[in-house]
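Here the structure comes first, spelled out in structure tokens, and everything after it is commentary.
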Amino acid sequence: MLGRDEDLVRTMSGRGSLGSTSHRSLAGAASKSFRDVFAPPTDDVFGRSDRREEDDVELRWAALERLPTYDRLRKGMLPQTMVNGKIGLEDVDVTNLAPKEKKHLMEMILKFVEEDNEKFLRRLRERTDRVGIEVPKIEVRYENLSVEGDVRSASRALPTLFNVTLNTIESILGLFHLLPSKKRKIEILKDISGIIKPSRMTLLLGPPSSGKTTLLQALAGKLDDTLQMSGRITYCGHEFREFVPQKTCAYISQHDLHFGEMTVRESLDFSGRCLGVGTRYQLLTELSRREREAGIKPDPEIDAFMKSIAISGQETSLVTDYVLKLLGLDICADTLVGDVMRRGISGGQRKRLTTGEMLVGPATALFMDEISTGLDSSTTFQICKFMRQLVHIADVTMVISLLQPAPETFELFDDIILLSEGQIVYQGSRDNVLEFFEYMGFKCPERKGIADFLQEVTSKKDQEQYWNRREHPYSYVSVHDFSSGFNSFHAGQQLASEFRVPYDKAKTHPAALVTQKYGISNKDLFKACFDREWLLMKRNSFVYVFKTVQITIMSLIAMTVYFRTEMHVGTVQDGQKFYGALFFSLINLMFNGMAELAFTVMRLPVFFKQRDFLFYPPWAFALPGFLLKIPLSLIESVIWIALTYYTIGFAPSAARFFRQLLAYFCVNQMALSLFRFLGALGRTEVIANSGGTLALLVVFVLGGFIISKDDIPSWLTWCYYTSPMMYGQTALVINEFLDERWGSPNNDTRINAKTVGEVLLKSRGFFTEPYWFWICIGALLGFTVLFNFCYIIALMYLNPLGNSKATTVVEEGKDKHKGSHSGTGGSVVELTSTSSHGPKKGMVLPFQPLSLAFNNVNYYVDMPAEMKAQGVEGDRLQLLRDVGGAFRPGVLTALVGVSGAGKTTLMDVLAGRKTGGYVEGSINISGYPKNQATFARVSGYCEQNDIHSPHVTVYESLIYSAWLRLSADIDTKTREMFVEEVMELVELKPLRNSIVGLPGVDGLSTEQRKRLTIAVELVANPSIIFMDEPTSGLDARAAAIVMRTVRNTVDTGRTVVCTIHQPSIDIFESFDELLLMKRGGQVIYAGTLGHHSQKLVEYFEAIEGVPKIKDGYNPATWMLDVTTPSMESQMSVDFAQIFVNSSVNRRNQELIKELSTPPPGSNDLYFRTKYAQPFSTQTKACFWKMYWSNWRYPQYNAIRFLMTVVIGVLFGLLFWQTGTKIEKEQDLNNFFGAMYAAVLFLGATNAATVQPAVAIERTVFYREKAAGMYSAIPYAISQVAVEIMYNTIQTGVYTLILYSMIGYDWTVVKFFWFYYYMLTCFVYFTLYGMMLVALTPNYQIAGICLSFFLSFWNLFSGFLIPRPQIPIWWRWYYWASPVAWTLYGIITSQVGDRDSIVHITGVGDMSLKTLLKNGFGFDYDFLPVVAVVHIAWILIFLFAFAYGIKFLNFQRR
């Protein structure tokens, strides 16, 4: 590394070259230069001719320049307030600035970011130019680039249980070339070529599925491994193998993955810390040397800034402060990012955080994928303006894909790349793009955004309206024709001529391409990851406290169950209870590690993103987690042993106490490591939970307690030695039973052992030599190291499961292009002007037109803790202030405001979707006070987050919504016709059989999902529709389709209100009225828009100081620009107050008053029933959806059946024919152990795997319940019914395997009893898992509760300690353990009627029936009662699940 740095410095010295600060090193901005602030004129304190002060400053600079390089680059001169109150320059350590100093410095250089950023960047550039330092530049070329993917044909693409099984078998056979592949190739990018130049900002446009994301990923070296790429990509003539593309460039994904527990600032600081400073330090060294030689003194604040950002490994950096200001995130810098559990930043802020995460690094080529989703047009414009300044001043290479760029944003770009159907339609200067399309015969109309025109002109459905050659008849111009036309156009020919001249590699700047894999040293990477892990642990401290409390409670229970007064010593029978106590301790310390599984899976998405961007190596992520859990592991082990060791009455020796502590600690460490590894291996909750339970099962069963080593089939003995549990169990029993108090002589001549302790060890096949204790400790530590190593390997090589490609059914024999966005048939996408509402077809079902009026609406939430910590006073935070407005039938209203203005909050309040907070004010529906129960029946709410059941198709989603929300008197045929009509309207017919999927994982794209959200509400035939950002995340064409749908809906007489972020001119002017809000939740305009927004423009232009709108400018963007807080402060006005006093508001108040009074002869809304459909139909519809959801969820059900077969066969082999021979006590123990394991582990697997499945559907349930689709009870019943259906089949498979392999009696009665108890057992376990999800906020807490109560059930199952031996004060709980009833039923029904003789060590012979009755309390005549109790358990868990679903709502809105 040092050698490379010296080369760079030498190159700079020789050529005057080393690159500037890359685009982030040029961070910061300047309001006034230091010299401007402290120049001599007038009253400046430094302006007087006092030579002493000037000399003092000169001396300080001279002293600074004489310091060694290392120290000099860490010292800067900043103005400080002296003791006498004067301001003077003081030298400061720039690597250790206090937050106040950082803020002061940022204020000096970047007071008003909108105005000062460009000045500041120029000052940075001027500093490097002044001494002749050249900036590194990157030119990216791609030649003949093609990308292909595999796709399954027809309905085999749907992930049903059947299809996945067949596809898996085919894939396995295909690996061995036994079967040809059934997949076919699909072209995503088709032989494209182009050049991306530095210092020019390029806009990537194209309809959805045109290949934009694939192109950006290919250029950034981030292409999915499952795709095949051909062609060539070079950076400055160098191919990817010659440098590290992930460090040379930065790819900004459209998916926002962040840790919800960290604040915005912490997230950016961590990013900046890991990505490093690139060549900033070498630049500064050379810059400082040259300035000293030339006698140049830099601006002190610029010098301090550049020095501060050039030092790598800092925990916090000024780059973070700069990026926070640049992206407008400084207002939420110390707010948690948030997740499903925590309230955090808004969607728009999250999107900007994703952008900022890569901006804080040193990359000089940036590929940004849809960075404007969820942002208003004003914010998008500002960010793109700052990016343009960065590109032009710092010579950065940048490509940005945007969905709906406003005209003013579009004009910021220098070059355009237009993609369609995987082909390049145009690439070149923005100035020539309209000329090209005119050359092809198409013209962009006036008042039409060029970007919108470009995305529509290649579409088959929209092209004709732009045809300009009236003398020639129109015929469709295909994408291929456009592409060929571009090659003959002058811009295409110029591009071809540039390609003929290869890039001169010799001109490549040595700092342009990065060859080091990571940005900082391994030590600094480890420290950064360690600090973050510690922070995440502190933020999740509740879970760790909960775990510690859990283990404390379990240890208290263990010590009271195995209380020393009940624990006698000296005989073999006494030893059996100690075995149970030791095994139970072991189980708890193992189970306590299972929470690590959920944590690991939860953190993987962010890890995979950061690993692929080379933030850090996998070991740096893994090791801190391992090291920080050691103290926790020790605490848990100490708590357990401190509470249980002497109270249970283990060997009193102090040495044995500490040896048992060591064994517990090693077992806990091994368990944590194992579950971390399994989490990384499984990667999803369902697979990881299944794998975790299977691993537990294997290590437990082979641990030596459930089945003796001597009874394991000889060919499976190797499994015994590979079970970590065996070593933990061996260490504990050797430590206990080789103590002198177990040294009484053995009287049983059939066992070759001297003492009772040795008899106890040998009877279960354990070793009797003391040195085995240390061998076992060594083995446990070895397993800990092995599992951590495997964890790192899994993190290194495995990729996330699932991908973002939609599962769309492609019919064989039909030509379907991925990337063509054209549906079948349909009219041109044109938004109907507001002045001519002709009659519309569609939406013909009868409905009642309703108005909504609201006044003086205020909304408060409890003051967030982080704001209180910052000194904000008050108990409540007000989000809406005296908001008033009216929405009428047939009138389309836009609700507009910048991010944080309270648009979604207002909509949630009006729609009755808030679950918390305090609402004040009046809300009336057609003059009557709003009643939420009836309002839900007549309203629809299209949420911003597009929440749908992931495992059903688009058509099924719509049929389901219509089935439950349309009134019962509409017949099936009419309902289906209506659904077809809505699908036609929203252009969903081509996606009819597509799986919906999970956002960002699989299934529908963002815009397809958005259209589905709208369609789901439209099929309900509502009178009032709320739409929260219906065009967010859509390209211009998709937005136009959506808005045409909305317009058509309004024209049928419905009341529609939409929040909207970045409307184009034609979208904005399709609205009739506007409610404009500013930050703080205040209204600043409420009224009609007028033709071409005339009334809106007149209102704001009448306010003194507001700049006039330019011709052709988007009124929506202009309106947001002139009402920003900075404009308010510049003009010294309050737009909210101006509106309150305006005539527009008086008219608004009159309208509100009019609509708040019921019309004469009208009646309030009334429905005979709360829901549209009766109880039976609700249940039937819910069951129908649940059935298809489960059938198409192979991750859940295929894993469930695979686990059933694997566990069944494993137990069958381990306990082969144990049911036929029960001759001695150990045979009965093995038989009991077989049933105990068979019941507990597969039951626990069912409980664990059902939880994530129920949790996903619960989010959908909250939306559907709020929409008034059904009661909670039919939903609960149907979900349970589907699970019971699968449990029935699962039990059949399991019973046949176990019953035949273990060797039970083949009689009808015994087989029925076995099947019955197994079935009811699996059902209550599944219901128990579902119940915990319904009663807890999320499935992570549900998982912790599950393991906690499973420990109870396990302890009191009757296996670890038989019922007659349980102390009297705990015996009642035996009857409260469902597992105990199941074991009672199975064992008694199979062998409880046998009179065969069993030999008991140390006691003698006894009949099996008597032994079961006296030793275990099992009575054959009690079986019918046991059978009834199983039904009771199922009903208890069913009612608890239904209660949780009906009455508990953990959604926070």
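Cβ atoms are placed via backbone N, Cα and C, with glycine included.
What Swiss-Prot lists as ATP 1 binding site is Gly206, Pro207, Pro208, Ser209, Ser210, Gly211, Lys212, Thr213. Listed in sequence order, Gln254, Asp369, Glu370, Ser401 are the same-chain residues at least 6 apart in sequence whose CB falls under 8 Å from the CB of Thr213 (ATP 1 binding site).
Annotation comment: Swiss-Prot describes 173-446 as domain 'ABC transporter 1', evidence class sequence analysis.
Annotation source Swiss-Prot lists domain 'ABC transporter 2' at 852-1105, citing sequence analysis.
Here Swiss-Prot flags 1177-1391 as domain 'ABC transmembrane type-2 2'.
Marked as region 'Disordered' by Swiss-Prot: 1-24.
Residues annotated as transmembrane segment in Swiss-Prot: 542-562 (among others).
Tertiary proximity for the transmembrane segment (582-602) is limited to same-chain residues at least six positions away from its ends with a CB under 8 Å from its CB atoms, namely 540, 543, 547, 550-551, 554-555, 558, 562, 629, 636-637, 640, 644, 664, 667-668, 671-672, 674-676, 678-680, 682-685, 688-689, 692, 696, 699-700, 703, 705, 725, 728-729, 732-733, 736, 1339-1340, 1343-1344, 1347, 1350-1351, 1354-1355, 1360. Annotation comment: Swiss-Prot describes 582-602 (among others) as transmembrane segment.
Per Swiss-Prot, transmembrane segment is recorded for 621-641 (among others).
If you look up Swiss-Prot, you'll see 661-681 (among others) marked as transmembrane segment, on the strength of sequence analysis.
Swiss-Prot lists 687-707 (among others) with the feature transmembrane segment.
Under the heading transmembrane segment, Swiss-Prot lists 773-793 (among others).
When Cβ-Cβ distances below 8 Å are used as the criterion, the transmembrane segment (1196-1216) is approached by residues 161, 164-165, 686-687, 690, 693-694, 697-698, 701-702, 707, 712-713, 716, 1190, 1230-1231, 1233-1234, 1237-1238, 1241-1242, 1245-1246, 1249-1250, 1252-1253, 1286, 1289-1290, 1293-1294, 1297-1298, 1300-1303 of the same chain, each at least six residues removed from its ends. Among the features that Swiss-Prot reports, transmembrane segment is placed at 1196-1216 (among others).
Residues 686, 689-690, 692-694, 696-697, 700-701, 705-708, 711, 1196, 1199-1200, 1203-1204, 1207, 1211, 1214-1215, 1218-1219, 1222, 1283, 1287, 1290, 1294, 1298, 1302, 1318, 1321-1322, 1324-1326, 1328-1330, 1332-1333, 1343, 1346, 1350, 1353-1354, 1357, 1359, 1379, 1382-1383, 1386-1387, 1391, 1416 of the same chain lie 6 or more positions beyond the ends of the transmembrane segment (1230-1250) yet place their CB under 8 Å from a CB of it. According to Swiss-Prot, the feature transmembrane segment maps to 1230-1250 (among others).
Per Swiss-Prot, transmembrane segment is recorded for 1289-1309 (among others).
Residues or ranges marked as transmembrane segment by Swiss-Prot on the basis of sequence analysis: 1341-1361 (among others).
Here Swiss-Prot flags 1366-1386 (among others) as transmembrane segment, drawing on sequence analysis.
Same-chain residues lying 6+ beyond the ends of the transmembrane segment (1366-1386) with a Cβ under 8 Å from its Cβ atoms: 557, 560-561, 563, 566, 1232, 1235-1236, 1239-1240, 1243, 1313-1314, 1316-1318, 1320-1321, 1324, 1328, 1352-1354, 1356-1359, 1418, 1422-1423, 1426-1427, 1429-1430, 1433. The list of residues near the transmembrane segment (542-562) in space but at least 6 beyond its ends in sequence, with Cβ under 8 angstroms from a Cβ of it, reads 577-578, 580-581, 584-585, 588-589, 592, 595, 599, 632, 635-636, 639-640, 643-644, 647-649, 1340-1341, 1344, 1348, 1351-1352, 1355, 1361, 1366-1367, 1369-1370. Residues 585-586, 589-590, 592-594, 596-601, 604, 622, 625-626, 629-630, 633-634, 636-638, 640-641, 688, 691-692, 695, 699, 724-725, 728, 731-732, 735, 773, 776-777, 780-781, 783-784, 787-788, 790-791, 794-795, 798 of the same chain sit 6 or more residues outside the transmembrane segment (661-681) yet have a Cβ under 8 Å from a Cβ within it. Sorted by the number of other CB atoms within 10 A, the binding-site residues Gly206, Pro207, Pro208, Ser209, Ser210 start with Pro208, the lowest. Residues 618-619, 622, 626, 659, 662-663, 666-667, 669-670, 673-674, 676-677, 680, 724, 727-728, 730-731, 734-735 of the same chain, all 6+ positions outside the transmembrane segment (773-793), place their C-beta atoms under 8 angstroms from a C-beta of that stretch. Taking the Cβ of Lys212 (ATP 1 binding site) as reference, residues of its chain lying under 8 Å away and at least six apart in sequence are, in sequence order, Leu204, Leu205, Gly206, Asp369, Glu370, Ser401, Leu419.
Among residues of the same chain six or more beyond the transmembrane segment (687-707), those with a C-beta under 8 A of the stretch's C-beta atoms are 579, 583, 586-587, 590-591, 594, 597-598, 600-601, 674-675, 678-679, 681, 719-720, 722-726, 728-730, 764-766, 801, 1195, 1199-1200, 1203, 1206-1207, 1210-1211, 1214-1215, 1230, 1233-1234, 1236-1237, 1241, 1244-1245, 1248-1249, 1251-1252, 1343. Same-chain residues lying 6+ beyond the ends of the transmembrane segment (621-641) with a Cβ under 8 Å from its Cβ atoms: 526, 529-530, 532-534, 537, 544, 547-548, 551-552, 554-555, 585, 588-589, 592, 596, 607, 610-611, 657, 660-661, 664-665, 668-669, 672-673, 676, 788, 791-792, 795. Panel annotation: around the transmembrane segment (1422-1442), residues 1272-1273, 1276-1277, 1280, 1313, 1316-1317, 1320-1321, 1323-1324, 1327-1328, 1330-1331, 1334-1335, 1378, 1381-1382, 1384-1385, 1388-1389, 1392 of the same chain, lying at least six beyond its termini, place a Cβ under 8 Å from a Cβ of the stretch. Across the residues of the domain 'ABC transporter 1' (173-446), the predicted structure has a mean pLDDT of 89.
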